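Notes follow once the structure below has been shown.
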């Protein structure tokens, strides 16, 4: 940063520099101040003039003593002119008001020209802004360092960067312009006359009627700073922090006001740290924060589940409250070349995106919306929860039911059935069935049960997903099973041993790698080669490593083997077939006006649901094909069959608050289908109209795939249903024979 300095004493041959149009305009703007600001400015100028007179300054005397020694300094600020000017010119006006100098910026050359009787404070402030701006630019454009470094190799000294504000190796004498800025310079730690302090710890300009940080209104007893000068104040850009003693006292006061009584001697006192370097390790962060006091337990860093790299944030728990307060007071301290944000860790989940659930528990998604759509219209009706899981939605529905309401639930997981049996013993309105929800018609029809509503929460439940013994997560290390019911079918490790390569490619592409058929083929190749060489892994972590090596790096932040695990899980548990069976079975057991709520989590599930609705959709009076048939072939319209059909409500998504409280709900979508008993389907209109128009007939609705899993409850109901159906058929045949005989 270079500077050029010249002095005009008013007595020599040098002419007084002419003011440019821009400088004249700036002078005019300064003259258009309100009376209070103008008076304060005049007082500061008079004080400076008196100080120069006492020290013998003044040059040529006479009426123009105030302009006898005008200095002009040029400071190189290429690339940082925007920071000096500030938003709307606020920064440059602030420097001019506090120093009494005039600043002009040549953005093309990157030069800041400073003119005034005492330019040193303004020069130092401009240099501070330029230096800090370039440090920020270097950090922003610096290449990412290598991911890991073993502890034996040591850690770069920059990881524990506790440098002072001046660059290393540069002498900083007390005299200006290279030392610390004196009182009166435009430093963020200086205040003006009558600035006031908010109870939150922030100091505000005298003209503000509310706190700039917490927006609290100014009160009459707010602490003022009548002397002005050097009281600490938070001025300018709120994200810039200093680490001096005055700033520490201010920050500690603000942190103490913001920090509620959280923590205890038993559990420790926790802080949340942001803007950590992405190469940080737990022991390095612990070493750094140990300067404030004893650390309880270990440091917890938030890491990317795919790469294992620190995401720039973590938690530090101190053994004592005073240690936490000491850390809060150093909010903004540098670590690894970055300014850290240190705040009190919150005990609630509000505002936390990555939430965790206790092992074996399940937080139901969109419970309030589900109850409002399904149960609220008829609290005393009969309902079905097709996926009990751990009973999250079931308990919510039971709580919303009236005394005469009934709830039937289905599940395949033996662990879920154990939990449901306990609830069944507690509430007589509840019944659990150990069977897939696709069998609900064969289970409930023999019992004479009809439903006001059916709810299907598709996919996998949180307890199953978190249990490493089930093998659903590639990050965990457990057996490669992937079955909802471990008593049915075969585990994934056995299935992969005997599956054909082409079939495996189809499964991976259809259920997982839908957008990348090449990846599906390469993963299948790697699996088949491992089977041929008798080295196919039987654990989740080893199999995930095999898939990751075959697929390569994932372009998004997820494990490369995630979609492969998903595809195998869907195939082994027949999830999509079960979904088709379940929606058809639900329509069979629902009454007129019954509501089917389906909670989907993937685009493929949404596509299956929409396709199901298309085949049974009730035709609307405004449908062009129906209007054409009514005008040209009314007899064909009258011949249309009157059967049950479906209408669909608008899809609903979880609220923003729910996504903060339960991050796993962010992919959920609630669809509600309503049954109409006496209606006409759009598909039937198409079948009747297409031949009249010379078009090929539309495809028929596909039949539900057959059930391959054997369950006692479903089998007994199915056998009884078949027997009842056979008896009805025999009675009908006998009646027809009898009618024929009577006619003869």
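Any Cβ shown, glycine's included, is placed from N, Cα and C.
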Of the residue ranges 76-135, 136-195, the one that TrEMBL records as region 'Disordered': 136-195
Same-chain residue ranges lying at least 6 outside the compositional bias 'Basic residues' (723-744) that approach it to Cβ under 8 Å: 446
Tally of DSSP helical, extended and coil residues in the compositional bias 'Basic residues' (723-744): 21 helix, 0 strand, 1 coil
Secondary structure content of the domain 'RRM' (269-347), with strand meaning DSSP E or B: 17 helix, 28 strand, 34 coil
